[in-house]
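Novice: I'd like to ask you about the structure that follows.
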Amino acid sequence: MFKFVSRRACGYLSTEIRNISTKSSLIDTNKYLSDLLKLGRIDEAREVFDEMPKRDKFTYNTMLTGYANSGKLVEARRLFDDTPTKSAITWSSLISGYCKMGWETESFYLFYEMQYEGYKPSQFTLGSILRLCSIKGLFSRGEQMHCYSVKTSFDMDVFVITSLIDLYAKCLRLVEAEYLFRGMSKGKNHVTWTTMLNGYSLNGDAVGAIECFRGMRAEGIEANQYTFPGVLAACAADSDLGFGAQVHSCIVHGGFGANVFVQSALVDMYTKCGDLCSARKVVGSMEFDDAISWNAMIVGYVRQGFPEKALSLFTKMHEKNMELDEFTYPSVLNSIALMKDMKNGKCLHSLIIKSGFESYTLVSNALIDMYAKINNLDCAFKIFNFTAEKDVISWTSLITGCAHNGCHLEALKVFCKMRLDGTDPDRFVSASILSSCAELALLDIGQQVHANSVKTALDTSLSVNNSLVSLYANCGCLEYAKKVFNSIEIRNVISWTALIVGYAQNGKGIESLQFYEKMVASGIKPDYITFIGLLFACSHGGFIERGRYYFSSMVKDHGIKPGPDHYACMIDLLSRSGEMQEAEDLLNKMPVEPDATIWKALLAACRVHKNIDLAKKAAKALFELEPQDAAPYVLLSNIYSSIGKWEEAASVRRLMKSKGVGKEPGRSWIEMNGKVHAFMSEDRSHLNAEEIYLKVDEMIMKIKEVGYVPDMNFALHDINEENKERGLAYHGEKLAVAFGLLNVSIGAPIRIYKNIRPLILFTAINATWMGPFFAKLSCCWCINRMRFSEYLRAWTLGKAEVSEQAADIFDS
């Protein structure tokens, strides 16, 4: 019998076989042929095969299996057709080869033809077919194979049952997989347990995976290098660092601590659980630098908020000449996006182009996301347009990027192109586009997205439902918002916060505070954004004591450090309540410099309480912070006018003009029957102007009957009283409301879209007249109450003020 000690020896034997004597047995030759194929020397094996004077079934099956295993299916099929006497093994070998290469049609054709020719498939044949179904997600085909296994009694075979468990788990049918697993009274081996464990992990059932691992250990089945990555992934998903550390001990005890795949899984687990120190120790203990582990470490740094360390680690990888792949670059691009580092972003982009990875969809998606997050939408669009194979993540990155930059109209346009392209939106796209609809208060489009979400079963997604709550709340449809909220089975802090802020924005301060109490009672902890909504509700509801309590509670009870937005709300609350001195004291005690939002809140309160000294201080700060913003000039001028200091008011107007600061004209829009109607103050350009003005007169007459008196304090001093009142009466908002009343039925909502803050008169109408006159009319005003911080967008709360991009949609 031939023995092999080296490649040279095999070459020598290859020469010697040409002189094989008649004494050499066929068994020895077949063994030699098999050894050559195991070494991967298929060409030499074919040469031996061709020179063999005699061949049997084993010879043909061995050569055929070699071709199939090496992926040479054309040669395998040719040899199959030339085989004089086929057996079940011959058929199974070819089917196995086709299955490994993912040739679905050919695999099933041969499987059925095999039976037609009278050969019975073995459990290994069936296992190959089931493995193909698992990989390709062929659930219906897999069910057919399950039925076949029952019919042929293969459903009792451990190998077949394990393959079926794998099929159902990978097709996200965990219940069926569990049923099969639990139905095995005996015969479960380490492969069966590992398959079930990985099935739990794949389906997001981390607890099930961990319990499966415990059960496996209790049964005395030893885990191996294929088991540990699955249970470590479950520990990472469940943030169970304690059990993950126990699994690490099992790994060391079992002698798998040096396995690179297990080490990579350990690094991933530790980084996702926030234990970067342990992750670094695992990486440091590795005999060879492994790119997968280093990639996991980079992801961990980014996830835990250390983008600088992630970039530093990438630099070391580059210096060590480690192999950078399509998984390395996206992680580093995420770190650059967090740092908003345009310079390093462009350098990395250049490296990606030089390395030839720009064409990889995963990398191009990360580039789109990076440029969008560092506020360079032009580059994001260019990369998107050059991406040859766009997937749903490509579209999501661009849509989310547009929303992140406040370009909600562009987000809607990209979404429409995505639908025309035939790409189905996922939960991330749906949540992002609903956020844009909420920002622009586009109820009709939002309802269409909602309908599509229901149709595609995305309405079960928590992120989509949270966005829907914000959408309906922003559009004034509180009943719909509450209905969606009640339909959410497991609510998180974002769900509650969306409802709290939604009710606060719509003037339902008491209900907003009640929802907060219910949230705390349910065991959900409030976060930074929740308290912005609470303080906003207190500010606009006049709940000064509750506001003081919540501001104190967020630090004392919840350990949340107040940010500029919280201070802005508190200063607005105190100022509105007339506590101007307390508001100024709080402003002076702030640990950071007050921003424009805080000064604007203070300046607006000075207008109400006629505090001229504080008004000048606030206006001066705003002139420096936002020199081109007309709002502080107008507010200060109006304050001077309200106390009769006309010369000072005129001086502020002249200063505003000398600096080239222009006040944007107030515009109001209303959509009716798919057409947008725009109105400006005393605007008579509308076709129905005469009817609209008559309706306004009727409205004014009715509200005066219930006690309304117009406030002329902020009108220009050089016109008579009649013209002052007329200018206030025919403001754009009232014209839009009047047009709405002329065209909608009782009970239908009227939604007015604005580009600037409405007048005091309109607030007075909202408070004293909306009740008796609009008994069955719901109104939603898109007004600039205050500036929420940038990260509110993640909670889809909206800015309240219609942006320039939003205005463009109405102009078009």
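Glycine is treated like the rest: Cβ placed from N, Cα and C.
Per TrEMBL, domain 'DYW' is recorded for 707-757. Residues or ranges marked as repeat 'PPR' in TrEMBL: 56-86, 87-121, 189-223, 290-324, 391-425, 492-526, 629-663.
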Novice: Can you work out the mean pLDDT of the predicted model over the domain 'DYW' (707-757)?
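Specialist: Looking only at the domain 'DYW' (707-757), pLDDT averages out to 68.
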Novice: Based on DSSP, tally up the residues of the repeat 'PPR' (391-425) by helix, strand and coil.
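Specialist: Here the numbers are 26 helix, 0 strand, 9 coil.
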Novice: Can you work out which residues elsewhere in the same chain, 6+ from the ends of the repeat 'PPR' (56-86), have a Cβ less than 8 Å from its Cβ atoms?
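Specialist: Tertiary neighbours of the repeat 'PPR' (56-86) are 26, 29-30, 33-34, 37, 40, 42, 45-46, 49, 93-94, 96-98, 100-101, 103, 117, 119.
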Novice: Take the repeat 'PPR' (87-121) and count its residues per DSSP category (helix H/G/I, strand E/B, coil), listing them in that order.
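Specialist: So the counts come to 26 helix, 0 strand, 9 coil.
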Novice: Residue counts in helix (H, G, I), strand (E, B) and coil for the repeat 'PPR' (56-86), per DSSP?
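Specialist: Result for the repeat 'PPR' (56-86), in helix, strand, coil order: 23 helix, 0 strand, 8 coil.
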Novice: By Cβ distance under 8 Å, which residues at least 6 away from the ends of the repeat 'PPR' (290-324) in the same chain are close to it?
Specialist: 260, 263-264, 267-268, 270-272, 274, 276, 279-280, 282-283, 331-332, 334-336, 338-339, 341, 344, 351, 355, 357
Novice: DSSP says what for the repeat 'PPR' (492-526): how many helix, strand, coil residues?
Specialist: 26 helix, 0 strand, 9 coil
